[in-house]
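Notes follow the structure.
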């Protein structure tokens, strides 16, 4: 019996010891693997090496101590893992480094991590962790040096408890949803060197206690935050500060003079704020400063003389302020200056003549000022100058010959000045040149194009000068040119057939010159042409039949020449041609009346005495003869008068009958307010089910047409219910209701939101749509998780939305104009497939070419086509413009308005930054796109710029947009031409060390 009791006692002790024994590190790692989806045992799994049969010290991402018994480092960064972080990670007792960055791990941060008392580095950045930051971490991780939770979904106030981490040197809390104020206790870390709270939703004042961080080297507080007031004077106490980024966070007032104490500062970014007053003199005492961006503020006054002491300055951005006075001569003496951007101010006087003599100048933009004088002669003395922009000033004199030898030059924009003399020889042969804009000057001489030209040149604009001589055949060597604008000059001689070699050409304008001879039929080889203007020349001969080979041509102007012969009837088949002008030539014969000719105005054919047809008079050969040409034009006969009287009487009776019927129907309607469901397909719910959704908590959107609710039907299906604004009885348009019902009720297309049915009680109308769980493109793209929307997904959305609009424009009869195309009206389903939505403003396009209600709204701000301002008319080309804005949003990641200064939208900004040159797309590319197929992005950008052309006739149709997007070039990877290129890191964003955010399709 005693032996039995002894055995029971030993068994109990053994069980107790086993139950209390901590989980082994081996099992902790297996638990971690189980919690992370995408980490299975298949060979393609990123954690496929984590097998029971092998030592965990050999597993990927695992580092052990010398005894190979304990894990000291776990680095699973960038493995595309999802799921949650298992609390069992806390059993890796000797862990010093934990990095799970650049994955898709969600859920809360487990507070159990606090038991890892030896942890020094914790990096959870670029995931989708949510909830509040656990305070337990701050009490347990006493040895923590690095804490990085950048770019997650963490909420609540900024954690105060992290100030207990006295060993902390690097803290990155940016890119989350933290709210509230920066706590004053954030000034108490004794050894911190890096602090980032940028990209949150912080408010209030910047606490003066921040000045106590005397060891701080980098401080990032900008972007999405909206602070009150300006910088506290205590900022000057940060004696070790090297980088300070306070851009775009609502700062006001003047820059405090105490900033001059920051003698180690090399980077100062305060752009896109509301700073005012003069530029602080003490800025010139920052002897270590290399980059200073104070652009997009409201600074006044002149550039301080103290700036002459900034001998290390490489970047000076003061554009978009209210500065005046002369540009000081010492700017040209700064020995390290590489970037100088002073555009959109009120600077006067001349450009410093020594500018560029330091041999390091890379970018100069002095446009939109009031500068006079001549151009500095040695701006490219170091052969590093890439961009030179001086447009919109009062500069005179010649263009320096040295620019014709500047092999580094990629863009030159000197339009809208008073420059004279000839274009420097060699300019068009520069190997990297992509854009030349010299329009609206007084340049003379011949076009200096020899055998060797720049094949990269995408745009040549020489309009409105005094250039003369023949157009050299070597112009055909500009194989990459997209826009060739030579209008308003004195060019003469024939148009060379070599123009047909310009396969990338989309716009050609040779109007207002002295060109003679026939129209070169070879021009038809330029398949991408959308705009051709050869008007006001001395051209002769016949219109070539080959012109019909240009399948996407929108605009063709051959007016005021000496063309003869008949108009080719084959032009009638050019469906894309929307504007044509053959007036004031010597054409003859009958104007075709079929196909596209039925859309052209008769004024397009005036001034051709031998042309005949409608409005032009009868043809000489008697084609128009018949027995219906002679009608009495005298006074009306008695019988005709009687018929008119009887007609009026009948109409009066008819109106009376209609009025009686209408009155009875209104009375009947007022007696019955029952809800009625009209279904466009089989539905498993009733109006009562729909009405149950109309609760405040279910609101998911509000717009001009009404409120949208999320509804759950009895069978579990999700729907979106749009409650339209109350309408007055008898309203002919019912606030968009009739238009939506007539269009959506019969539309079935994969990329258009499906209308399931509608409920009505004669006073209120409810539209029931299929539900789109991922919301709108605008919400996703412009939210803080827009970086997760990778390029492949963006391109897919662009093509799908284009197909939806194409269906409305080309496959509906009559065609449908959306009128409010925008990123918020492109909805995304669970697979991020795009669906065009919101037809509350859609109208049928009548045969007349105008919409049925021109007083209706024509779209949303930032998306409205420019012609609406003076025509008040909307057509399908207005939708094309709006879609082009959406494409620019996808490429740049920016909203259409609100980010570029007063009165500037995304189209104007992109044109300013790239000069509409597709090869400059990297200058505006969304910095959140870390790795992209550059040829695809360039092509989509090219399509976007076609869509937002100023003139509607120059825009492609949506069918052409789909075709061009579908035929996007696919370049094979090679050693010389990589498939992907890294997007340049934004100067405005702090470096986070993060390169590839996850794709939303994998969420």
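Heads up, the Cβ atoms here are built off N, Cα and C, so glycines get one too.
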**OP:** Would you mind telling me which one of 477, 774 Swiss-Prot calls N-linked glycosylation site?
**Re:** 477
Original post:
Can you name the far-off residues of the same chain, 6+ from the ends of the repeat 'LRR 3' (117-140), with a Cβ under 8 Å from a Cβ of it?
Top reply: 77, 85, 93-111, 146-156, 159, 161-165, 172-173, 785, 992, 994, 997-998, 1003
**OP:** Let me know the DSSP-derived helix, strand or coil state of residue 700 (ATP binding site), please.
**Re:** strand
Original post:
In terms of Cβ proximity under 8 Å, which residues at least six beyond the ends of the repeat 'LRR 18' (482-502) contact it?
Top reply: 439, 447, 458-476, 508-520, 522-526, 528, 533-534, 538-539, 916-918, 942
**OP:** Write out the long-range same-chain contacts of residue 700 (ATP binding site), meaning residues 6 or more apart in sequence whose Cβ is under 8 Å from its Cβ.
**Re:** 708, 709, 710, 720, 775
Subject >> Other C-beta atoms that fall within 10 angstroms of the C-beta of residue 820 (active site, proton acceptor) >> reply: 28
Original post:
Do any residues of this chain, six or more beyond the ends of the repeat 'LRR 4' (142-165), have a C-beta under 8 angstroms from a C-beta of it, and if so which?
Top reply: 101, 109, 117-133, 135, 171-183, 185-186, 188-189, 196-197, 199-200, 202, 784-785, 787, 992, 994, 997
Subject >> Folded-back contacts onto the repeat 'LRR 12' (335-358), same chain, C-beta under 8 angstroms, at least six residues removed >> reply: 290, 295, 311-329, 364-382, 384-385, 389-390, 395, 901
Original post:
In the repeat 'LRR 4' (142-165), how many residues does DSSP put in helix, strand and coil?
Top reply: 4 helix, 6 strand, 14 coil
